[in-house]
Every structure is written in C-alpha cells, then in structure tokens.
Amino acid sequence: MEARSSDSASGEAEIVPESVPPGDKQALGGMLHPFKVRNFSLLFGGQTVSTIGDALYAVALPWLILSNGGSPQELGIVLTAYGIPRVGSVLLGGWLSDRLRPRQLMLIADTVRAVLVGILAVLAFWGHANVWEWSAVAAFLGTFQGLFLPSASAILPELISDEDLQAGNALSFASTQAATLVGSAAAGVVVAALSSGAAMAIDAVTFVVSAASLAMMRIIRAGTPGKSGEGASAQTDAEGQADGTASGEVQITFGRFLRTSRLMQVSMVVSIAANFCFGGLLEVALPTLAHGPMHAGASGYGMIMAAFGGGALAGGILAGMLAGLKRKGLIALLAVLIMAIMIALLPYGGVIGAVLCMLISGLVNSISNVLLITLIQLIIPRHLMGRVMGLLLFASFGTYPISVALGGVLTNQLGPAILFPFSGLVLFLAILFGITQKELRDL
C-alpha cells in the first residue's frame, strides 16, 4: 500500500495508512472495513463524541442567552461573532493543514476549543456575563472551528487506503447525522434537568475526548519500514507518486490544479448552488411555510426536519455499501438532480408530502456528498489537500449569509412557497452544467 506524503514543512512525523492483510484484499471497500485501521477507529470515535457535544452546545447557547433576559438581537450578535471568523479562517486552516499536517492542527484546535467552551461553561454558571463577553469567546471559538474543518476533511486519505475511502467517508457522514440526532435529543434533557452550563461543560469534555483520540494515533516516521516490510526508498517513491512528484517532477501549484480540474470546478459550482439554495430554504422559507400556509405546527415542522436527518443517516449508510459503483461522478450528479426535484415539489403535498420530500432529499444528499468528496480526495495532490478542502468549505459557508438574507426578503415579498421551485431550478442548472462535463460523467 502506498504511503502518504510526509514532506511537510515542519518535518513532522506522519501518519501512514495501515496495510490490510493479503487475505482481506477482496473485502476492501466493505462498509465496516475502515474499522480494521486503528487510526480510523480512533478518529471515528473521537469525532462522534465531539459531534454529540456540538449538538449540546447548539441547544445550550441560545437557551442560556434567551432565558437570562437576552434578546433575539443579542443572540444574533453572538452567533454572528461565531460565524464570521469561522468563514474567514477556513482558508487559513487549509493552508496550515498542508504545512503542519491535518492531525497536528486538529489536535491544537480541539485543545483550544476545549478551553474556550470551558470558559463559556464557567460564564454560564457565573450567570452575570454580558453579550460582549459571550461574543468575544464565540469569536475565538469560531476561528478555531474554521481552522479545524479543512483538516477534518483532509485527514481521511492519510489514514485509510484509496479502496476504503468511500466507506470511510460514508461512515463519517452517517456518524455525524446519528450523533447530531442523539446530541440534540440529549441536549433538551441535560438543559432541563441540569443547566445550560452543564451542557457546555459536557461539550468541553467531548473536545478533550476528541483531542485524546488524535493524540493516541499511531505515528510512523518517514523512511521507517511499514508493515509490509518496504524500505525507506520504496516508501519515498510511493510518497512521490501519491503527490505527483515522482522522479523529480515539479509539484502542481494550487492555482493550476483549480484551473485544470473539471471535477473541482463542477464541485464548486454545485456546492455554491446547493448551499445558496439551502440556507434561505431551511432557515427562513421552510419554517415560515410550516407555520403559515401548511399549518403544520411545531410538531409537523419537527417531523419535516427530522425526516431530512433520518434520510441523511440512511444515505450515508447506503453510500458506504456502494463502493463498487462505476461512473460515480454521474451518479452523484443524478442524486443532486433528484434532490432538486424534491425541493421544487415540497410545498405542494402537505405535511406528509413535505416529510417524504425531505426524507428523499436527505438520502440523496448524503449519497452525492460521499461520492463527490471521495472522488475529490482521490484526485487532489496530497500537498494541496488541506487548501482544496478549505476552499470547498469557504464556498459552502460563504453563500450562507447571502442565502439567508435573500431568503428573508423574498419570503417576505413573495411568500415562502415560491422559493422552493426557484431553488430547485437553480440547483437543476448547476447539475446541467456538471452533466455536460464528460470528464466528470466518466469518473
């Protein structure tokens, strides 16, 4: 098995994918096979626990501010203080990931976030913090979240083989959905039975667990023979081939890679279009539709949102079982096309129809995400992995505030229902662009 690049500027020892015994070669790509790799199991466990903590925080913070006399405007100030630095730091996070290596940056970010959320817990127990104190801590928290995210996407190809990459991504997507569902349900119980401060304290502990899992990963130094008995020279050759730098070949630059990769270009267009559509829909149009024309009530709205999460969980699991698929690029685009149709139809079938549309949307959204991110990870030169992931995240996050603002204006002027077919059309046009690209259809 090829070793991953370990030529970071820091000279840091690198994680190398663990070899799979020859007898297991036929089983590569199976849904559970990434768990054969100790480092992946550690990452999976740590990130699952951390995601549960994130869900606790997402409920505890607004509840704390509003229940202590804070206004929705003050809550918005705190969330903005978190959100803007998060968007602004993902590009830097991608660059640092390539310089320091993903594991090292993730470990630093988790450690700092454990301290920051611990400070929030102390402020919550103290009970006298004002909006500016909350905002100051939230700004640092958002910054380190942005630094963390590119590495979280870039680390997987360094842990497992290319054959297991789709299954690994699918497990990660499914874990995120399941942990969010569990954490959201647990958050209400913890906040009601204990306090918002207790929920934040638990979140701080989950960051410690995540950091510990990263620290426990097995490190193999460059030039050290691996399990297969390959020597330093063979390992170095493999690293060069993985990065496109074998035999003295000059490394491709970040700008040239973006200009020449059709997959990246299409992925950027689809990502921007999807996130542009979803921000305003989920945050503004859908709750307005459920509250008004659909008369769904709080319970109906909850069912609609839960349907997307349940579909996304099922889609993540299903994607992990489809590693043998051919033409994954085309299938990913067709999955997004189905989602565009479901979005367009959502307002016109009542609550049951909306639940069904969101269930299918969540299912195909996970499938398309897993397939596209796996294809991208396979083509990105290892020395650019963090920067490319950072750019994709920036494209996703950057459209969110525009989408929410525009969604609010259009919903107020035209009503919520019209946004759904409009968003479906925007997404359809993005998919049409992707389908015309032969390079992507044939992947």
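Quick reminder: no glycine exception, Cβ is built from N, Cα and C everywhere.
TrEMBL does not curate its annotations; it predicts them automatically.
Features reported for this protein in TrEMBL:
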DOMAIN    34-441  domain 'Major facilitator superfamily (MFS) profile'
REGION    1-21  region 'Disordered'
REGION    225-244  region 'Disordered'
TRANSMEM  40-65  transmembrane segment
TRANSMEM  77-95  transmembrane segment
TRANSMEM  107-128  transmembrane segment
TRANSMEM  200-220  transmembrane segment
TRANSMEM  266-286  transmembrane segment
TRANSMEM  298-322  transmembrane segment
TRANSMEM  329-346  transmembrane segment
TRANSMEM  352-376  transmembrane segment
TRANSMEM  388-411  transmembrane segment
TRANSMEM  417-435  transmembrane segment
Out of 77-95, 266-286, 298-322, 417-435, which stretch has the largest tally of CB pairs under 8 angstroms to the transmembrane segment (40-65)?
77-95
Would the transmembrane segment (107-128) count as touching the transmembrane segment (388-411), i.e. at least 3 C-beta pairs under 8 angstroms with sequence separation of 6+?
no
Using a Cβ cut-off under 8 Å, which residues of the same chain at least 6 positions beyond either end of the transmembrane segment (329-346) come close to it?
263, 266, 270, 274, 277, 281, 353-354, 357-358, 360-361, 364-365, 367-368, 371-372, 375, 420-421, 423-425, 427-428, 430-431, 434-435, 440-443
Short question: which residues 6 or more past the ends of the transmembrane segment (417-435) have a Cβ under 8 Å from it?
266, 269-270, 272-274, 276-278, 280-281, 285, 289, 293, 330, 333, 336-337, 339-348, 407, 410-411, 441
On average, what pLDDT score does this prediction assign to the domain 'Major facilitator superfamily (MFS) profile' (34-441)?
85
